[in-house]
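Read the structure below first, then the notes.
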Amino acid sequence: MKKHDGIIVLLSGGMDSATLLWLAKREFKKVYAISFDYGQRHKVELKYAKELAKLAEVEDHFIVQVPFYTSLKGSALIDESVEVPKGEYPENEPPVTTVPMRNLIFLSIASAFADNLEVNYIGIGVHALDTPYPDCRPEFITAAEAAINAGSTFVAKKKERMHVYAPFLGMSKRDIALLGKELGVPFEKTYSCYMGTEPPCGECPTCIQREEALRGIL
């Protein structure tokens, strides 16, 4: 199977982005990773992202500071005055853990690195259960890809398209876990907890989803 040339993967340190990183290693010749320190409550995830990038032997791992998020209020992930919810995500509205425009900002920054590195794929691990978040939906990914192509120096010079690689859009978290098992992802070295505690709290929405997805695997 022919491999694509290069990709930069958004790597949080969680099971979804780790699986995407291992999938990228299989599908691409050159793999870069990028992580973000945006004042998140669960900043400990960056420690896991660094270890995963090292294990995956990526070309380079960039950790980017996004300090302005600490000025925003209302999200449980960046505002310590907002309590992290327990239990499942709400079904029909964005949860209190939504960080405004996070994936738009992250994809924009990653696209600048992709432009500079001259790789034309940007990987993001959004999946079917992420749909309560507006910036995880298929229509957002399509729009983001269009905007990146409209503004890319790489595209203008090379006459090649940029692609937002989001292979998990139609997959459940369990599907991702099973794929990760097949790829040999070290799930024990991933981290998913909105509280940012070690060990994880086991009660927040992402802890619950992780436990259900990895049942019988980890």
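Even glycines carry a Cβ here, placed using N, Cα and C.
Listed features, source Swiss-Prot:
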type: BINDING; residues: Leu11, Ser12, Gly13, Gly14, Met15, Asp16, Ser17, Ala18, Thr19, Leu20, Leu21; note: ATP binding site
type: BINDING; residues: Cys193, Cys201, Cys204, Cys207; note: Zn(2+) binding site
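Overlay of Swiss-Prot annotations on the structure.
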residue: Leu11; record: ATP binding site; contacts (Cβ under 8 Å, 6+ apart): Ser17, Ala18, Leu20, Leu21, Ala33, Ile34, Ser35, Ala49, Leu52, Ala53, His61
residue: Gly13; record: ATP binding site; contacts (Cβ under 8 Å, 6+ apart): Ser35, Glu45, Leu46, Lys47, Tyr48, Ala49, Leu52, Thr190, Tyr191
residue: Met15; record: ATP binding site; contacts (Cβ under 8 Å, 6+ apart): Lys173, Ile176, Ala177, Gly180, Val185, Phe187, Thr190, Ser192, Arg210, Ala213, Leu214
residue: Thr19; record: ATP binding site; contacts (Cβ under 8 Å, 6+ apart): Gly125, Phe168, Ile176, Ala177, Leu179, Gly180, Leu183, Val185
residue: Cys193; record: Zn(2+) binding site; contacts (Cβ under 8 Å, 6+ apart): His42, Pro200, Cys201, Cys204, Thr206, Cys207
Residues within 8 Å of the Leu11, Ser12, Gly13, Gly14, Met15, Asp16, Ser17, Ala18, Thr19, Leu20, Leu21 Cβ centre (excluding the ATP site residues themselves): Ala49, Leu52, Gly125, Thr190
Candidates Leu21, Cys201, Cys204, Cys207: member of the binding-site residues with the richest Cβ shell (10 Å): Leu21
Check: same-chain CB within 8 A of Zn(2+) site center, minus Cys193, Cys201, Cys204, Cys207: Val84, Ser192, Tyr194, Met195, Thr197, Pro200, Gly202, Glu203, Pro205, Thr206, Ile208
